[in-house]
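The following features are taken from TrEMBL:
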type: DOMAIN; residues: 44-332; note: domain 'G-protein coupled receptors family 1 profile'
type: TRANSMEM; residues: 33-53; note: transmembrane segment
type: TRANSMEM; residues: 65-84; note: transmembrane segment
type: TRANSMEM; residues: 148-169; note: transmembrane segment
type: TRANSMEM; residues: 209-228; note: transmembrane segment
type: TRANSMEM; residues: 269-286; note: transmembrane segment
type: TRANSMEM; residues: 306-335; note: transmembrane segment
Amino acid sequence: MTDNISSIVPTDRFFGYPYRREFTLVMRYQPPFWTFLLAVGLTTNILNIITFLKVGVKDSVTTLLLTLSMSDASFLILVSPTLLRHGFLSVGSYKLQAFSDLRFITFWPAFTCYDFSAYVSVVLGVTRCACVAMPLRFKSVFTKKRTIISVVVLFCINVLIHIPVLTMYRLGWKTDPLTNKSYVGVVRDEPSLRNYKQGINDIINKNTLQVISFIVLVACAALLKFKLFQASKIRSKLATVSGSSDESDKSLSQSLAASHKLSPKDVRVVQSVILVCSVYIFAQLPSLLYTATKKFHPEFTDTGRLFFLVVICSRTSYTFYLINASVNIFVYYNYNTKFRSAFRSLFKCKEVPRK
């Protein structure tokens, strides 16, 4: 993902390139959809934060979910100048140049927050896997205090590994060539230095850590899903032998149930974590395919013959990022009893009968 892909305007040299028609359609219809997703995402994450604070941050899961909502909201706020600038605020006036350039200042902080959300999701998946797989050993390890410390340390590390791109643009004094007056604008590194810094970011954050996070979350979601399946099979076995007079069958079933037991609360927590991880996995697929294709296809570059397809894929990744940052409220509402009760209490919602 480049920092200025949304400001690319095709020139005459792109006239004969493929995917020009599709590019035109995307440029026309995607910005309004982005605006809709931004509005929905900011609203849902604000509701998430208010509701989790109402519930009370009393355990590690709630701490991580609250952190995830705050990080997603920060991402949406910081990325909005980039998306809105391209869709609706094409500014040519020097007087408005400082606002127009705001997207350069907020772009990389936005994706620093997005990557932080990914790492929080990884921590959430790994901790739930550990607690489900070995509850006696790990349930007392992931306390609220330790989780908060872990989140703070993780945030500091995340900022540290993003320093190269976070320092590419900064606010400073510039001179208007028409009026010779000074104004606050964006000061940029030289193009060669920007390319070097972005290359470092691509290696660390886009290629290495993104792939590792994706693999870990897929493994966590699969393991948690298997544990749910295993627990359901044990419950079915217990129901089958409950009327049996064979004491050995009953003893075996009870020992299996004790070793794989999940309380209804545990089941709901595991289901919510699986869905949160699955949303992230689904949202990252376009970005992973985009990154892999750029690495192995020589024409799939910002200056190659497949320029229009590059922009389409990049903008599609933006769309999936916005979806990922917007839909978790539906997971929380359906699978977190405390969240649902607090949400209905705060916003005077009536209970909908469940079939």
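Using the three backbone atoms N, Cα and C, a Cβ is placed for every residue, glycine included.
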Six or more residues out from either end of the transmembrane segment (33-53), which same-chain residues have a Cβ under 8 Å from its Cβ atoms? 62, 65-66, 69-70, 72-73, 76-77, 80, 83-84, 87-88, 318-319, 322-323, 325-329, 332, 339, 342-343, 346-347
Should anything in the same chain at least six residues away from the transmembrane segment (148-169) have a Cβ under 8 Å from its Cβ atoms, list it; otherwise answer none. 3, 63-64, 67, 104-105, 107-109, 111-112, 115-116, 119-120, 123, 186-189, 193-194, 197-198, 200-201, 204-205, 209
Mean pLDDT over the domain 'G-protein coupled receptors family 1 profile' (44-332): what is the value? 81
